[in-house]
Each structure stands twice: as structure tokens, then as C-alpha cells.
Amino acid sequence: MAISSFAQIRRDLHQIPEPGFQEVKTQKYLLDYLEKLPQERLQIKLWRTGILVKIAGTAPKRTIAWRTDMDGLPIVEETSYPFRSLHEGYMHACGHDMHMAIALGLLTHFVQNPIADDLLFLFQPAEEGPGGALPMMEGEEFASWRPDCIFALHIAPEYPVGHIATKPGILFANTSELFVDLVGKGGHAAFPHKANDMVVAGSHLVTQLQSVIARNIDPLDSAVITVGKIEGGTKQNIIAERARLEGTIRTFSMESMALVKGRIESLVKGIEAGFECSATIDYGCGYCQVYNNEQLTNDFMDWVQHECNDVTLVHCKEAMTGEDFGYFLTEIPGFLFWLGVQTPYGLHHAKIEPNEDAIEVAIHLVSRYFTWLSKQS
Ligand SMILES: [Zn+2]
Ligand SMILES: [Zn+2]
């Protein structure tokens, strides 16, 4: 199959975005494609709504893995595409349709041109939540095919096609959701002494949370606490019995994440004591950092610089975004890089239209890289 056909595959997948662990049609589409490939070197295992595919090498010494995510987002699509989402209220707005098309492109290349090492392709569900990487790693399907190194990419709207960006070490932040529920005592607006006002308690907490970043985090480290939503009370002349804060925490080190959570817990205890209310904290869904293996990343960057004059390498900074690919990197050396898909709209935007020429760029780059990598050792 010609490489340009992978843009068509991306369009097909774009029409059927599904939320995490419900990627049923997506899985079926991928399996139908895999069935049409020559089967001699292929082994396929299913894991929930995900798929693991192994391509036998010609003289394997190790297993090299490539991971793609599969899920879409609960967003109403606003692109100008003729191939818009057929799933009302869902959209591939994070490029996972692009990622899957690239993975199939690579897989097809290596079925036709096997290298010495074994290759493992991971089609991982639920990247956007609740997180598929960690449970996939814990599954026996993965354990029995455990790779020696692992790689992935993510589309980047801000870079032109033909550009990639990465760095050794920390690339994406540690992330955690934050939900705080405060319960006090409601009452008449004119009798505040007979109630415990959770709008006031919640407001104090929001302000105090900002002091964690300002006063507890090393200024040379980085962290963010954003409270994106507050809900409380029922009516303008009733003292609020309940308030709920919803936010997110991002840090560049696992230590800072533990420290921030510890401080939040102390502050919430203080609010409970000070306002005579009860409070609960829920951290919801969170991902560990994406930490690129220094040696592999530096070697890759050198190789791109010297061997790939069709690709422009950007030495980027770390970002406060989250990615559950980071879990694989806690146990298996590898890295993730950004793939330029130049579009004015950011990730998770209802109008994002990544440039499909980047699919071919990625397939061409990573197929050469794996071929090169397999010859090193
Ligand atoms: Zn996303
Ligand atoms: Zn994504």
C-alpha cells in the first residue's frame, strides 16, 4: 500500500472517535487492516480495546516498541472537513487518528521490510483518561512481549510539517486532577452567625492554594495549580452549605507533585478547622511525567541532525502537558518527540486540522530510525 493511503486511513479513523476503553469500532477497523497484511511475521494479541502486534525480526537480539494512543475526546467538532466525526459530541481533537495512521504506516513498512530485531506495536486505549498505559503495562499480554526500548510521538500544532522537537530528560509534566468538596452549614443570608459559609471558605482556599506555588516550590523548579471551576450555594440570599473546587496540578518533578499534594492537604485541614466544616479531596486522574532517556534521545537527535536532511530538529523546552506514555518510560528506556503538523488551533480545539503531510514525514523518519537503531548494539 502506498504511503499516501495512510492519510485516507487517518480520515476513516477521524470519523469514528471513541472515548477511552470504548474504542470498539476503532479496534475493529485496525484489526480489519491488519488482517489484510501478509501474516507470516505477524502475531496479534488483544488487550481490552487495545491491540499488541509483534513483527518477528530476521535475527532478533531485542524488541523495539512503538506506541500509539487510540481515543478521541468529548468535543463537538467544528472543522471544515468533509470527513467530520460521525460520532456526535466526540472528536479526534488530539491527533490520535494521525498517530494510529502513522503506526499502521510503520507496521506496514516493517512487514514488507523486516529488520533484525523484533518490533512491537502497541495500540493503547484511553490516553485522555482514565489512562490506558499503566493497566496495559500491568497486563500479561504486554509482560510476555516486554520490549527493550519504546518510542512514541505526539502531533504538535505549533511546528511546521517537516519539523520535529524533543529533548533529553523531562518533556511533559506530572499531572493530577484536583477536586475539593467543602460541606458546612447553610442558612439565611441575614443570619451568618448561625451558619458556616462555604463560599467564604472556598474563596479562602483558592487564595491559599496559590501560596503553595509561590512559597513552597523551589523557584528553579516549576509547578502550576489551576482552579478552573468553583461551584457553591444555591441562591443569592442563602448562605452556601456546599462548595466544590475543581482544578489541576502540574509539576516538573515527582517530588514536587508529592510536596504540592501534601501542602494542599494541610491547607484543606486548616480550612476545616478555621471554618468548622468538613472537606474531602479527590485527585481524580493523574499521569506521571514523560522523562526521555538521555542516551537514546541524544543519539536520536544526533542521528536526525546528521542523517536526515529532510527533517528539521528543534531542541524544545519541557511542557506542562500530560501524557500517560510516561508510565512506559518509568520502566523501559525510550523517548517521545513532537511531530510538526502546523495548524492555527491547539490540541483539544474543536477546529484543529493537522496537516496530513506529516503522516508521511513520520513514517519515513521512524522507519529509517528503527532500521538504524537495529544495526547498533
Ligand atoms: Zn490530548
Ligand atoms: Zn494526545
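The backbone N, Cα and C atoms fix where each Cβ goes, glycine too.
If you take the C-beta of ASP69 (active site) and look for same-chain residues 6 or more apart in sequence within under 8 angstroms, you find CYS94, HIS96, HIS99, MET100, GLN124, PRO125, GLU127, GLU128, GLY132, PHE325. The active site annotation in TrEMBL covers ASP69.
The Mn(2+) binding site annotation in TrEMBL covers CYS94, HIS96, GLU128, HIS154, HIS348.
GLU128 (Mn(2+) binding site): 22 other CB atoms within 10 A of its CB, across all protein chains. Here TrEMBL flags GLU128 as active site, proton acceptor.
Positions annotated as domain 'Peptidase M20 dimerisation' by TrEMBL: 183-269. According to DSSP, the domain 'Peptidase M20 dimerisation' (183-269) comprises 38 helix, 27 strand, 22 coil.
Excluding CYS94, HIS96, GLU128, HIS154, HIS348 themselves, the residues of that chain whose CB lies within 8 A of the CB mean position for the Mn(2+) site are, in sequence, ASP69, ASP71, LEU73, HIS92, ALA93, GLY95, GLU127, LEU347.
In the predicted model, the domain 'Peptidase M20 dimerisation' (183-269) shows an average pLDDT of 95. In the three-state DSSP reading, CYS94 (Mn(2+) binding site) counts as coil. Ranked by how many other Cβ atoms sit within 10 Å of their Cβ, the binding-site residues HIS154, HIS348 place HIS348 at the bottom. Taking a Cβ distance under 6 Å to any atom of ligand 1 as the criterion, the recorded positions ASP69, CYS94, HIS154 reduce to CYS94.
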